[in-house]
Amino acid sequence: MTKDTQFTVGDYLAERLSQIGIINHFVVPGDYNLKLLDYLEYHPKLSEIGCCNELNCAFAAEGYARAHGIAAAVVTYSVGALTAFDGIGGAYAENLPVILISGAPNTNDLNSSHILHHTIGTHNFDYQMDIAKNLTVAAVALRRAAEAPRLIDHALRQAILQHKPVYIEVPTNMATQPCAKPGPISAVIEPETSDKPSLEQATDVAADLIAKSEKPIMLAGPKLRAAGAEKAFLKLAEALDAAVVVQPSAKGFISEEFKNYAGVYWGLASTRAADKIGDFADFFIGAGTVFNDYTSNGYKVGPSAEQFIDSDYMHVTLPGYEFTRVKMDEFLGRLADKVSKKNATMVEYARIKPALLNYAPANPKELLTREELMRQIQGVIDGNTTLYAETGDSWFNGMQMNLPEGAKFEIEMQWGHIGWSVPSALGYAVAAPNRRTVIMVGDGSFQLTGQELAQMVLHKLPVIIFLINNRGYTIEIQIHDGPYNRIKNWDYAAFMESFNAEDGKAKGLKANTGEELEQAIQIALANKEGPTLIECYNHTDDCTKELVEWGSTVGATNARAPAPDN
């Protein structure tokens with residue numbers, strides 16, 4: 001490829017992606033984006049990662065954003081972007097700034113009478129943009145080169161400020177068009193700050209409410225990490241000396257070795273007696289919380305509005321008050337300066353705190369059980385591990401894992417897309433190659449996106465995949481059972497090794513007993529040249545009691561009869 005000497009729209013986009021910190025971008029080529037991909041390739045600080053399909057591409061980008069803070073995916077028009085939108089919906093739900101860049105038809109065709117390939121066969125070429133507007137916080141189409149710098153900067157800034165995905169549409173003839181060079185990157189990345197009078201009044205009101213309470217507790221939610229407010233949250237926890245619990249989507253955001261940590265707050269699925277200390281508390285101080293039907297056990301878990309302070313990215317909600325332009329980390333940090341010690345929940349928690357879950361070793365010759373499988377996976381987790389818990393019983397098994405200092409945890413509870421973990425972990429491992437990335441995924445979920453293991457083989461990423469083969473969609477069985485929840489079995493270990501072809505170093509292993517699993521884990525830990533998949537036997541009925549109870553609650557919530565006015 002030979003690059004033109006003039007500075008173009010493609011150059012501008014590439015430079016801005018690099019300036020906001022992106023190193024790797026994820027792509028599926030198509031004829032509408034090929035010239036743009038050339039310009040991204042020309043940039044010396046950008047490197048592409050190819051993906052098997054556009055759904056996986058979007059999920060790989062959101063995994064990269066989890067580890068790196070921001071990400072980009074590049075796909076072709078319509079047949080590519082419509083598939084990618086599924087993963088972009090997940091990025092929106094999970095508060096991850098992913099930049100979806102789509103090729104588009106030549107500008108000369110957009111207002112013509114032409115019928116184009118990769119379209120629905122009409123003269124309407126706006127349907128993709130219409131969808132994008134509902135799945136992103138900014139959607140722009142670069143129809144004129146002179147407008148491209150402004151539109152690109154606007155989209156990137158919104159992704160950064162709102163911690164959500166954005167969409168940039170680039171016609172196939174636009175990447176080559178000359179445009180202005182970029183100005184200072186501070187115009188894009190400069191953070192918002194609080195309105196000082198609003199910050200002071202919000203923290204005054206909050207401090208007064210906390211002073212009037214007797215048993216406050218702190219609750220971390222899934223938006224805490226996106227807001228970059230973890231340190232401010234801990235500062236407030238230290239000042240109050242109150243118990244700290246986390247929502248399931250926020251597991252790993254607060255060190256589980258923090259002295260005030262009291263577990264995952266999830267009703268019947270809570271860990272470390274977090275539900276009991278939550279019931280004991282008389283006031284909740286939340287940070288970035290989300291109570292949906294899943295995390296609230298069918299709207300049965302959570303504080304009342306009168307007992308609850310919650311801070312979002314740029315606003316704070318208190319009983320009787322709403323303050324806008326108050327940034328979460330600034331609110332929590334300033335509030336820490338205004339409160340006094342209120343440790344009643346910690347005193348009570350010291351009395352009721354259970355021992356950490358610790359499964360006894362099983363007979364190594366017997367068939368593998370869920371408990372033995374989880375006991376051995378726990379042994380793999382160290383301070384340099386990131387554990388992925390796929391949608392399903394892995395959610396509940398993951399909640400029960402004890403994370404040592406430095407360990408991280410990834411979950412997708414708002415979007416809840418089965419199959420998310422494998423491509424997302426690809427993106428994560430690309431962004432954090434020095435961490436040990438471990439996936440717990442069921443066979444049903446794996447069948448949706450398992451081909452992305454090929455990219456782990458190509459890039460020699462030593463991801464460890466525990467494939468829990470229980471012959472079906474176990475989470476769906478517990479919500480509402482039927483024959484549709486049983487699936488065709490695969491030889492997953494052989495599937496893994498099929499990607500090696502002539503040069504790969506992946507390992508595909510099977511474990512039907514505890515002894516076989518122990519041996520397989522040692523092989524996996526020693527394999528630094530590619531991924532290792534361990535296909536683990538697990539009986540369909542051998543699932544957590546928390547999944548059974550939660551599934552029953554969700555099933556009942558789903559089955560509610562229509563209200564009379566519906």
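Just so it is clear, glycine is given a Cβ too, placed from its N, Cα and C backbone atoms.
Note that the structure is predicted; figures quoted are calculated from it, not measured.
As a whole-number mean, the pLDDT of the domain 'Thiamine pyrophosphate enzyme N-terminal TPP-binding' (8-117) in this prediction is 96. Annotated domain 'Thiamine pyrophosphate enzyme N-terminal TPP-binding' per TrEMBL: 8-117, in sequence order.
Residues or ranges marked as domain 'Thiamine pyrophosphate enzyme central' by TrEMBL: 205-313.
Taken from TrEMBL, the feature domain 'Thiamine pyrophosphate enzyme TPP-binding' covers 412-536.
Per TrEMBL, Mg(2+) binding site is recorded for Asp443, Asn470, Gly472.
It is Asn470, among the binding-site residues Asp443, Asn470, whose Cβ has the fewest other Cβ atoms within 10 Å in the structure shown. Helix, strand and coil residue tallies for the domain 'Thiamine pyrophosphate enzyme N-terminal TPP-binding' (8-117), in that order: 52 helix, 21 strand, 37 coil [DSSP].
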